[in-house]
Amino acid sequence: MSLIHLVILSPFLLAIFVPLLHKYFKRIHTGWFVLALPILLFIYFIGNLGNVMAGNTYLSTMNWIPSMGINFAVYLDGLGLLFALLITGIGSLVVLYSIYYLSKEKEALNTFYVYLLMFMGAMLGVVLSDNMLVLYSFWELTSISSFLLISYWYHREKSRYGALKSMLITVFGGLSMLAGIILLYTMTGTFSVRETIASVDIVTAHELFVPALILFLLGAFTKSAQFPFHIWLPDAMEAPTPVSAYLHSATMVKAGIYLVARMSPVFAGAPEWFWLISIFGIITLFWGSFSAVKQTDLKAILAFSTISQLGLIMSLLGIGSAAVYYDYLEENIYTVATLAAVFHLINHATFKGSLFMVVGIVDHETGTRDIRKLGGLMNLMPITFTLAIIGGFSMAGLPPFNGFLSKEMFFTGMVNATQIDAWNMETFGMIFPVLAWIASIFTFIYSMVLIFKTFTGKYQPEKLDKKPHEAPLGMLIPPIILASLVVIFGFFPEILKGLIEAALHSIFPSNFTVEDVHIYFWHGWTTELFMTIGVIAFGSLLYLTLAKWGNIYEWFPKRLTLNKLYDGGLVGLERGSFAFTKFYMTGFIRNYLVMIFGFMALLLLLVMGQTGAFNFSLDNASKVGVYELILALVMVIAAITILFTKSRLSAIIALGVVGYSMSLFFVLFRAPDLALTQLIVETVSVALFLLCFYHLPEISKKVNRLRFRLTNFIISISVGIVVILIGLSVNSSRVAESISDYFVKASYEEAGGKNMVNVILVDFRGFDTLFEIAVLTIAAFGIYAMIKLRLTKGGSQ
Amino acid sequence: MEIVMTIVAGILIATAVYLMLSRSILRIVIGTGLLSHGAHLMILTMGGLKRGAAPLLGQEASSYTDPLPQALILTAIVISFGVTSFFLVLAYRAYQELKTDDMDKLRGNENHE
């Protein structure tokens with residue numbers, strides 16, 4: 001256990017004390033106690049920055065289940081550090097923001113901070129774990145804490161719906177990822193990410209390569225809200241706004257991105273990886289930005305915007321994987337896509353975090369997030385407006401903010417993608433820049449909608465619950481910090497150089513040299529710049545005419561949306577399983593018996609047919625005696641009489657006939673003890689049967705014949721035939737001699753008895769007898785209790 | 001002889017199954033009784049029906065019938081007797097309380113207890 005283990009576990013440890021702090025320091029907002037931790041952790045990770053930028057990595061292992069190769073191994077490299085900085089940095093700001101956002105009096109702060117700390121620790125565990133099973137454990141913990149945070153206001157139905165939806169989708173993905181991890185384990189024999197990367201040759205050549213790849217991608221796509229699994233993210237907006245800012249824009253949704261980046265050294269270079277990631281990414285980008293325009297809720301706009309930006313990052317990671325395919329090509333033009341992905345990852349976290357906080361402020365100060373009610377807040381909330389401008393313009397990709405730089409690099413990556421001359425890219429390559437360009441136009445439009453529909457236009461005080469005014473300072477500080485970062489990264493992108501380089505080294509295989517990273521603010525009159533100018537021109541035009549073409553969203557049939565598919569699927573699953581259960585769980589004992597006997601006969605016949613058990617010989621058979629034949633005939637006739645008799649009395653008597661013939665058989669086959677027992681038992685049984693018969697209720701006393709049913713007939717005949725076949729086949733193939741010679745020899749010499757059956761019962765196998773006595777005792781007690789104990793439903797006598 | 005006895009046991013079991021699939025409790029219990037008879041007969045037959053003296057050492061015979069299946073059957077008879085009597089009393093109590101012996105009317109359902 002080293003310091004870094006403590007760093008990952010410290011949020012969990014603090015979470016234990018949060019309820020106590022909440023209980024005993026009621027005057028102080030619990031968030032202040034929590035705030036110190038993420039700041040400390042952030043400082044700790046900053047302290048590691050120099051070391052990691054110098055190319056060093058850090059590994060520390062703590063044993064957990066060593067016999068199964070599961071160790072809590074922490075691995076700190078560029079990628080892990082980048083995410084850890086995002087998590088702790090934005091975490092600190094979100095905690096500060098939440099102190100002002102959540103009321104000390106009205107909200108259950110203890111649960112909020114426990115869940116938030118749980119999430120923070122889990123997320124740190126995801127990005128810093130080297131052992132894949134430990135990573136998976138933390139991964140699911142993020143799903144669970146996200147579920148708890150979305151349903152924070154659990155008395156609202158929509159919160160519960162959103163929480164359940166996100167839970168179902170992300171846990172589905174998490175379980176797929178677990179399957180992928182296990183597949184990788186069967187290939188390499190290790191759960192360690194680094195060791196898997198070291199044995200990448202085995203993995204690539206293995207036949208399970210593609211299944212493992214797809215399973216991992218399912219995990220990444222569901223977590224990162226990629227098409228068509230993006231539907232949970234808009235519904236997760238029911239969470240408190242600090243949660244949306246933290247989980248659903250900056251950190252948790254990037255866990256999938258992290259997974260793709262982390263597993264790139266294992267899977268990159270394969271066409272499946274390239275196509276799946278880049279195609280799903282670009283579709284998500286397009287669909288997210290297209291859907292964002294029609295939203296009227298500010299948080300819904302931001303949710304779809306997050307989906308679209310995650311698609312952007314994902315598609316860039318896909319394109320970037322082409323660099324591995326073209327190992328050591330002279331002008332390594334595909335790595336720029338990965339570079340853009342990492343850069344945009346940072347940028348998105350900054351501007352999206354600040355935008356969520358801005359929306360939270362608007363919500364907090366006006367009481368609504370509906371853009372149809374909002375407008376003209378510019379003069380009332382100037383600082384918030386400035387923050388929205390910075391965040392929104394950065395999101396739209398306008399200069400001089402950081403979003404502009406990453407958007408330019410994104411276009412560069414997409415244009416370069418058309419030059420790939422493998423994997424059918426000659427045919428389909430053009431769709432990447434075209435879709436990317438259209439998506440950017442929509443991104444521009446919704447960014448403008450977000451800014452201008454909220455802050456400009458007509459002020460409508462009659463529609464608002466509260467009288468809006470500028471937010472308190474504490475609520476403004478976190479978005480101000482993020483917005484300043486947006487500007488700083490926009491003007492001085494070189495300060496991120498070292499961190500991005502270190503992260504790129506983790507994404508590409510170790511034998512792969514990454515060129516020096518240069519992010520230019522001004523890159524000359526290139527294609528990308530003209531594309532951006534086109535985006536601005538078309539975007540402005542479309543934004544101004546939004547009212548005219550906005551109704552194209554009505555064309556899309558409402559029944560065919562993915563949400564309807566999800567809801568319908570859920571309802572269908574429930575109804576289907578209910579109908580299926582109702583179909584075979586009829587409640588009639590006869591139906592169950594038909595199934596049990598039918599399957600028994602079928603399975604036994606199948607097994608006998610497959611193992612060739614149908615060979616019958618008569619070599620061992622003994623001679624047929626006349627007495628036995630007559631007795632057998634009597635027995636069969638008596639048994640069949642039971643079926644055909646009208647009255648139950650004759651049925652009971654016929655059963656008695658069968659029983660007494662049994663004892664006669666025992667006489668004939670030299671079994672005196674059996675004959676005795678059988679006689680007595682049969683007599684008592686028949687008496688008991690008659691007792692039951694006598695107590696039949698009046699109504700059903702009228703005699704009736706057993707009704708003939710074909711199914712019952714077929715089932716019983718086949719069971720009988722199967723029994724006969726098994727009996728014959730057993731009789732004709734004896735494998736070994738009986739052990740009874742020993743009993744014959746030893747029953748007098750060793751046990752001192754001449755009746756061998758009795759000696760076996762009480763001496764050689766006395767235990768059987770002991771428990772048979774127990775059975776009889778229990779039956780007797782049971783009968784006594786049934787007759788004597790007459791409790792009614794309430795438990796009274 | 002084994003073939004004949006096996007067929008007899010098979011017929012007993014087939015009739016037992018047919019009775020167990022009927023609606024009246026009494027027939028079902030009769031069916032279980034037949035089923036145990038069939039099973040006991042089967043055990044006896046599977047042990048071999050070769051002639052020999054009864055398994056009593058006092059007989060001084062050269063060969064005895066196999067004592068082990070007989071011991072097993074004896075145990076089985078007693079257990080099946082215990083279970084059958086329990087069932088019968090259960091059926092009797094069911095008549096008393098529920099006034100029916102029709103299995104279709106005894107359909108349990110937690111929704112309308």
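From the backbone N, Cα and C atoms, a Cβ is placed for every residue, glycine too.
Residues annotated as domain 'NADH-Ubiquinone oxidoreductase (complex I) chain 5 N-terminal' in TrEMBL: A:64-112. Taken together, the residues of the domain 'NADH-Ubiquinone oxidoreductase (complex I) chain 5 N-terminal' (A:64-112) have an average pLDDT of 88.
The domain 'NADH:quinone oxidoreductase/Mrp antiporter transmembrane' feature in TrEMBL is assigned to A:129-427.
Taken from TrEMBL, the feature domain 'MrpA C-terminal/MbhD' applies to A:633-698.
Marked as domain 'MrpA C-terminal/MbhE' by TrEMBL: A:709-788.
Annotation comment: TrEMBL describes A:32-54 (among others) as transmembrane segment. Long-range Cβ contacts of the transmembrane segment (A:32-54) within its own chain (Cβ-Cβ under 8 Å, at least 6 residues beyond either end) map to 7, 10-11, 14, 18, 21, 25, 76-78, 81, 84-85, 88-89, 91-92, 95-96, 99, 113, 116-117, 120, 124, 498-499, 501-502.
What TrEMBL records for A:166-188 (among others) is transmembrane segment.
Positions annotated as transmembrane segment by TrEMBL: A:208-233 (among others).
If you look up TrEMBL, you'll see A:273-293 (among others) marked as transmembrane segment.
Summarising the annotation, TrEMBL assigns transmembrane segment to A:300-326 (among others).
Per TrEMBL, transmembrane segment is recorded for A:430-452 (among others). Nonlocal intrachain contacts for the transmembrane segment (A:430-452), taken as residues 6+ away from its ends with a CB within less than 8 angstroms of a stretch CB, comprise 278, 282-283, 285-286, 289-290, 292-293, 295, 298, 301-302, 304-305, 308, 312, 315, 319, 355, 371, 388-389, 392-393, 395-397, 407, 410-411, 414-415, 417-418, 531-532, 534-536, 538-540, 542-543, 546.
TrEMBL lists A:473-492 (among others) with the feature transmembrane segment.
Beyond its flanks by at least six residues, the transmembrane segment (A:592-612) meets 584, 586, 711-712, 715-716, 718-719, 721-722, 725-726, 729 of its own chain at Cβ-Cβ distances under 8 Å. Residues annotated as transmembrane segment in TrEMBL: A:592-612 (among others).
Tertiary neighbourhood of the transmembrane segment (A:651-669): same-chain residues 625, 627-628, 631, 634-635, 638-639, 641-642, 645, 675-676, 678-679, 681-682, 685-686, 689-690, 693, selected by CB-CB distance under 8 Å and a gap of 6+ residues from either end. Residues or ranges marked as transmembrane segment in TrEMBL: A:651-669 (among others).
Sequence-distant contacts of the transmembrane segment (A:675-696), counting only residues of its own chain at least 6 positions beyond either end whose CB sits under 8 Å from a CB of the stretch, comprise 648-649, 652-653, 655-656, 659-660, 662-664, 666-667. The transmembrane segment annotation in TrEMBL covers A:675-696 (among others).
TrEMBL lists A:708-730 (among others) with the feature transmembrane segment. Through the fold, the transmembrane segment (A:708-730) approaches residues 590, 594, 597-598, 600-601, 604-605, 608, 613-616 of its own chain, all at least 6 residues removed from its boundaries and within a Cβ separation under 8 Å.
Sequence-distant contacts of the transmembrane segment (A:769-787), counting only residues of its own chain at least 6 positions beyond either end whose CB sits under 8 Å from a CB of the stretch, comprise 761-762. Here TrEMBL flags A:769-787 (among others) as transmembrane segment.
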Looking only at residues six or more beyond either end of the transmembrane segment (A:473-492), which have a C-beta under 8 A from one in the stretch?
90, 93-94, 96-97, 99-101, 346-347, 350-351, 353-354, 357-358, 360-361, 364, 383-384, 386-387, 390-391, 394, 399-405, 521
By DSSP, how many residues in the domain 'NADH-Ubiquinone oxidoreductase (complex I) chain 5 N-terminal' (A:64-112) are helix, how many strand, and how many coil?
31 helix, 9 strand, 9 coil
Counts by DSSP class (helix H/G/I, strand E/B, coil) across the domain 'MrpA C-terminal/MbhE' (A:709-788):
65 helix, 1 strand, 14 coil
